[in-house]
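Pulled from TrEMBL, these are the features on record:
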REPEAT    A:75-109  repeat 'PPR'
REPEAT    A:177-211  repeat 'PPR'
REPEAT    A:248-278  repeat 'PPR'
REPEAT    A:279-313  repeat 'PPR'
REPEAT    A:381-415  repeat 'PPR'
Amino acid sequence: MLCESLSPSPVSYACILKACGSLGDLNKGEQIHAQNNQSLFQKGKMLANALLDMYIKNGALDEAQEVFDNLLNRDVASWTLIIGCYAQERQGEEAVTLFERMQCEGICPNSLSFVAVLRAYGNTKASECILAVHSQVHGEPLYKKDIMISNALINAYMKCSLVSKALELFNDLAIKDSVSWNVLISGYAQVGHSEEALSFYELMETAGFSPDPFTYACICKACANLCAVYQCQQIFTNIVNDGLFQRDIVTSNSLLDMLSKCSMLKEAHEVFDRLPSRDIISWNSLIAGYAQHEHFAEALTCFEQMQDDNFAPDAFTFASVVRACGDLGASSKGQEIHVDMVKYGSLETDMVLGTALVHMYATFGMLGEAQDVFDKLPFQDSTSFNALLTGYAQSGKIEFVIELFSKFIEYNIKLDSATFSNVLNMYIHTGLLEDAQLYFKTMVEVFITLLTIDHFNCLADLFGRAGDVEKAALVIKEMPFHSNFAAWITFLGACQNCRHAKLGRWAFENASELTEKDAAAHVLMSNIYAAISTYHMTGAGL
DNA sequence: TAAGGTACAG
């Protein structure tokens, strides 16, 4: 058109901007924006909104906000576009604020505005607001397009785990479309009601709706939650038969993730090899699958291959490989990856990664590095504090443990049950009985709710190792849990060391009540008797 | 010839 010297009209521009939005061609869109008189985009609502939409579809939030701010006449579409933009970007609070501002400025929201704000309400778990919208639209005549509001409502309810409200609305729908089924199934999968997700998938097919990529993503997630191998195979077959495996990357990634999570790693790798195209999510799913099932070397091999294939690792990749390095004890590779994480800026934006790194260095016993990463975190939360404390405890750095623990008390940081076990185990290995008792006493006073039977078993173990089997017995008798096999077998070991036949017999009988014919219990008990008879025979007497 | 609901990775 331009070659033939025709000047584009506002209509041409609107069409071209729409194309830039759906193709993801931000450069072309920016070019059109820059080459024209800015008044073109400020006055006419249609073209201004087309430009706004182009920036939003390209994920250019700042530019979208700027276009919106410079608009002279904002109509309901302009407001809805920017509200939808923030709702989609998980900036729900911002979206809700804009929704309120829009009404203050005298613009009345329409169906589409409600759909946009419902997404924000769902993401921010604003259940009261969702209920308010629901009662507002309730009883209004249901036009066909308003099925979108119903679907958005079901989705928002599910995001707040209001499962029965979502189901009630779904059942009351006069007309359902495939999105209605998808949001319901997706909701069940997200709240962890995976069986229901699969049941509604069956019902959906019975009702005559074919699964689409959205449906497959949801049921793959449900199957992954359940580790349902048989159903995995069924879905795998369906996806291949539908031809979606070749056509839709989200579906193939969902499939890949499902197979990985269900330990079907061989199948996952085959699917990966057969993919017509791959993206970063395909790589991350495969790497995560290997890391989650402790195939750490394979995880790291894939990580190398991914980079050879010119994919830059992101926060998801790092999370898997950091764990793999830690568990493999691959400290130099781990440090290399740390450098990459700094290079890509992943650490500044992601708390999970920082904590994973603290944990990795703690596993290597490189506590200086662990402390350094911890100190540089954007903020320290309970998870990162626990990772650091565990590191010090596992390395037996008592003075650091004591110092850090006092910070837990001072700043009211929630102590993790597993961290507490690690600290107790440190005391077991250092044999500092008095310090351990003091620590346990503080635990009872400050963190009583997280005490488990394992912690009491640790305390009994401490006394047993110190040779005080009477105190150990008292802990077992008086702890607020039913003693388990682990408690008795540890205690029996302590009785063996002290050659305490009476308490040993007591432990043996209790252990036998819980588990019959356990070899370890019999060996320990017979050792006690053998030791005592040797003692008699050597004339030492009892 | 402007806006819309559902989906995949730590």
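Numbering starts at 1 and runs along the chain as displayed.
Every residue, even glycine, has its Cβ placed from backbone N, Cα and C.
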Inset, instruction - Would you mind listing the long-range same-chain contacts of the repeat 'PPR' (A:75-109), meaning Cβ under 8 Å and 6+ residues beyond its ends? - result: 45, 48-49, 52-53, 56, 61, 64-65, 68, 115-117, 119-121, 123-124, 126, 129
Inset, instruction - Quickly jot the same-chain residues contacting the repeat 'PPR' (A:279-313) by Cβ under 8 Å, restricted to those at least six beyond its ends, or write none. - result: 249, 252-253, 256-257, 259-261, 263, 265, 268-269, 272, 319-321, 323-325, 327-328, 330, 333, 340, 344
Legend entry - For the repeat 'PPR' (A:75-109), the number of residues DSSP places in helix, strand and coil: 26 helix, 0 strand, 9 coil
Inset, instruction - Could you break down the residues of the repeat 'PPR' (A:248-278) into DSSP helix, strand and coil, giving a count for each? - result: 23 helix, 0 strand, 8 coil
Legend entry - Helix-strand-coil residue split for the repeat 'PPR' (A:279-313), DSSP-based: 26 helix, 0 strand, 9 coil
